[in-house]
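Positions annotated as domain 'Major facilitator superfamily (MFS) profile' by TrEMBL: 52-461. Marked as transmembrane segment by TrEMBL: 48-65, 89-110, 119-138, 144-166, 178-202, 208-231, 280-304, 316-334, 341-360, 372-394, 406-427, 439-462.
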Amino acid sequence: MASKVTNQTLQDKENALFDDTVDVEDRNDASTARVVDHIAERQLCRKFDVRLMPVLALMYLFNALDKGNLGHAKTAGLDRDLNFKDHQYNLTISIFFVPYVVFAPPVAIIGKKFGPARVLPILMFIFGSMTLLSAAVHNFGGLFALRFFLGAAESGFFPLVIYYLTTFYRRGELARRLAVFYAASNIANAFSGLLSFGVFHIESKLFVWRYLFIIEGAASVLFAIFAFWYLPRSAAESRFLGAEEKALAFHRIQVDSSSTVSEEFNLKDSIKIFKYPTTYAFLMIEICLGVPIQSVALFMPQIISRLGYGVIKTNLYTVAPNVGGAVMLLILAFSSDFLRIRFPFIILGFALTFIGFIVYASISDVQAQLQVAYFATFMMVWGTSAPSVLLSTWYNNNIAHEGRRVVLTSVGVPLANIMGLVSSNIFLEEEKPKYPTALITTAVFGMCGCLIASLLGGYMTWDNWRRNRKAGVKTTARDVPTLKLREGPNVPEFRWMLILYLQLCVHLTIGRSTGKMTSYAPKVGDPISSLDTPSMVVDIPLMNANIQKLFATLLPTGRNIRPHLKTTKSAILAQKLVDAGAKGGCVAKLSEAEVMTARGFTDLLITCEIVGAAKVKRLVALYRKNRQLRIVVDSIKGASAINDALVEDDEKNGPLEPLNVLIDLDVGLRRTGIDAGQPASQLAAHIATLPKLKLIGVQGYEGHLQHVHGDEERKAQCLASMSILTSTADALRSEGHDIQVVTTGGTGTAEFCATVPGVTELQPGSFIFMDTDYRNAIGAGRYDQSLTILATVVSKQTPSQVTIDTGLKSLTTDSGLAECKDQRYTYGCLGDEHGSLRWEEGTPPLDVGDRVEMVPSHIDPTINLHDVYYAHEGGVIREIWPVDTRGKVQ
């Protein structure tokens with residue numbers, strides 16, 4: 001499908017959303033991407049928060065009301081009025097959890113197939129009807145049967161809501177949204193107590209608990225009808241979103257939640273989640289969580305009744321602990337999202353549960369210690385509130401496969417709820433009001449949950465460290481594309497989502513050069529004035545504007561853009577370019593490809609020849625890990641060596657498909673590349689005989705033309721080089737070779753190459769940052785200088801000359817000397833560590849301690865001298881990116 005660039009936003013704001021526009025129905029292509037405008041993202045999230053969250057929260061409030069109203073009804077004499085015998089009340093509570101667990105997976109799978117937006121309201125209508133019918137029962141059998149169907153209807157509700165939210169929100173946004181949603185459960189328990197307090201004042205011939213069921217059931221039924229009409233099936237079908245917002249919503253989930261958005265459910269593939277040992281750890285935590293949750297939800301009125309109050313006041317006193325639980329849930333969940341840590345807050349929740357139940361159980365005379373006892377009930381609810389939503393978020397954050405996410409959630413959540421069978425049978429009638437067995441049992445489950453969560457979190461932390469050490473690169477889950485996370489811990493690129501502190505990554509990166517950690521660790525939110533120097537800084541709005549300008553120019557030509565990553569040397573920036581519409585990336589060296597692959601960026605073309613036994617061996621090993629890899633060759637000998645190594649590896653490790661190769665053609669650079677004509681034809685014919693290589697295209701790099709001054713002269717010479725490239729591609733096709741890719745171009749020539757019929761792919765690189773050499777060649781107005789080296793004046797020699805701390809170790813000189821951004825000052829190199837700045841009379845003088853920004857003359861090797869980028873906006877550090885392939889020269 002032809003791409004179209006929308007560039008009106010260039011005039012509106014520099015870093016607005018860029019849309020290469022793709023039709024909604026075609027957006028499942030893995031290469032679909034956008035440059036995300038953070039303002040647009042925040043506005044989109046606010047729309048979801050306003051349009052979706054209140055409705056879902058109310059739905060779950062009614063869900064919790066209909067499930068948990070039995071405890072309040074019991075305090076009003078339901079068991080007495082229906083002539084329950086011994087333990088029949090416990091059986092009525094217990095039967096709910098049998099269908100709740102049995103039906104949860106199939107209901108969740110149905111919900112995935114037909115869409116949560118349709119299935120959730122239907123489930124709500126059913127469980128509301130069951131509650132409404134409960135008002136008409138006259139014996140144990142009738143209520144027992146209705147509770148069975150109520151459990152079946154509510155079984156898939158919570159898992160489907162979690163899955164539904166993961167299709168609208170990124171991983172890092174999920175916990176606080178689920179917290180708001182889950183807080184509805186606590187509010188429901190509080191509201192149920194308040195509603196019971198009011199309803200139980202009714203004087204009527206009907207038993208007052210029947211009014212409770214009528215009011216709550218009718219509200220659920222009516223709201224279900226509204227929700228069926230209101231909820232959008234997906235972001236793409238949301239009536240409240242415009243076309244650009246729908247595109248942005250799709251992109252967000254594609255890159256940071258689901259590997260394939262709205263993928264078809266495949267049961268065989270989805271149940272592979274149970275092959276991971278961590279799945280069972282998550283399920284054990286759910287079990288430990290289930291007993292405290294159900295004990296609090298089902299028996300809080302009975303626990304409160306020990307305080308010695310009457311029926312009405314007992315129900316009223318359940319309100320405050322539940323409201324406190326909702327507040328604590330929001331505090332812990334928002335803190336978890338802010339710090340991007342999950343398991344420590346889950347551990348804290350379990351600890352609060354354990355302490356609350358132990359304190360309450362240890363009080364022998366409640367009346368003498370009434371305040372302590374009541375406070376303990378607050379701790380019980382605090383501890384059970386947060387772990388549930390954080391645990392669901394924890395494992396959903398670590399599963400990019402939508403089907404497996406649904407399956408685990410649909411098993412884990414009901415598993416926690418079936419522990420209501422335990423809770424409902426440990427609150428023994430003969431032990432009331434102290435219930436020692438129930439309190440101690442619940443506390444033990446809380447302690448076990450605390451221990452298992454600690455062990456699982458520790459394992460994930462260790463496993464991430466082990467994987468990083470093996471890969472030789474510090475990587476977090478945020479750095480790995482969701483496509484690579486899809487297969488879970490089976491793939492080496494996988495990382496557990498635990499801690500996403502960017503400054504930690506930088507701290508480790510800075511420390512690696514010294515072999516130890518350093519106390520200097522700039523972080524996001526710091527002013528750039530706080531940076532030590534020399535530091536490499538990037539102006540985010542200018543960089544985004546450069547990206548938009550290039551893609552707005554080249555994407556409409558229909559050519560693929562495969563940026564050369566020897567400029568940025570960063571997997572994070574590589575992904576940003578793909579998000580803008582790029583198709584993979586180029587690297588110059590094999591070692592660069594190894595690092596990028598380890599960081600999860602795999603669609604790579606190595607543009608330099610791979611020659612020598614050691615390199616070929618490494619290439620084969622890398623190809624085992626990364627099947628998207630493609631390389632260039634320019635000699636029969638080089639191609640044969642690679643083919644032979646692949647054949648040998650097949651014999652040892654099993655067959656691989658042939659490696660995609662391009663013929664590197666000399667189009668005038670006289671550096672690498674085979675000559676056009678018969679030499680290229682002979683090489684192509686030879687590759688065709690090699691079983692492990694597949695010829696897919698030709699590369700011709702006109703590097704000698706990138707800095708030719710004057711557009712017309714550079715264009716004329718470029719078109720002559722392109723004639724050699726495209727005519728060779730045509731000749732090879734006429735000889736029967738399947739030439740799909742014709743790749744070429746750089747920042748100085750890409751727009752000319754894009755006009756040549758037959759060129760399919762462009763390789764610009766320096767445009768993202770620029771340097772003085774390119775500026776002098778193509779003009780200062782084409783792209784902005786978005787990267788500079790921050791320097792400090794360390795000495796003053798004369799009234800018109802100072803020394804700065806930026807010399808050959810910070811700025812390269814192969815393309816001439818760098819320049820000061822303020823061109824009133826002239827730079828001179830004074831050796832490895834220092835440079836000079838001079839100025840004419842009348843220019844404001846510089847003094848010791850002043851800061852200046854230096855513009856590199858050649859951007860690629862200058863970046864290779866630095867560890868990290870400090871990306872800023874408005875003078876504040878917004879992002880920090882490691883220079884992943886620094887020093888990778890082999």
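Heads up, residue numbers simply count up from 1 along the chain you see.
Positions of Cβ are set from backbone N, Cα and C atoms, glycine also.
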- Item | Stretch of maximal Cβ-Cβ contact with the transmembrane segment (144-166) [cut-off: under 8 Å; candidates 48-65, 208-231, 341-360, 439-462] | 48-65
- Query: Does the transmembrane segment (89-110) come near the transmembrane segment (341-360), with 3+ Cβ pairs under 8 Å (pairs 6 or more apart)?
  - Reply: no
- What else in the chain is close to the transmembrane segment (406-427), if you only count residues 6 or more beyond its ends and a Cβ gap under 8 Å? 90, 93-94, 96-98, 100-101, 104-105, 107-109, 111-112, 155-156, 158-159, 162-163, 265, 270-271, 273, 279, 282-283, 286-287, 289-291, 293-295, 298-299, 302, 388, 391-392, 395-396, 399, 435, 437-438, 441-442, 445
- Per the Cβ under 8 Å criterion, with at least 6 residues separating them from its ends, the transmembrane segment (341-360) contacts 175, 285, 288-289, 292, 303, 332-333, 335, 372-373, 376-387, 390-391, 393-394, 397, 439-440, 442-443, 446-447, 449-450, 453-454, 456-457, 460, 497-499
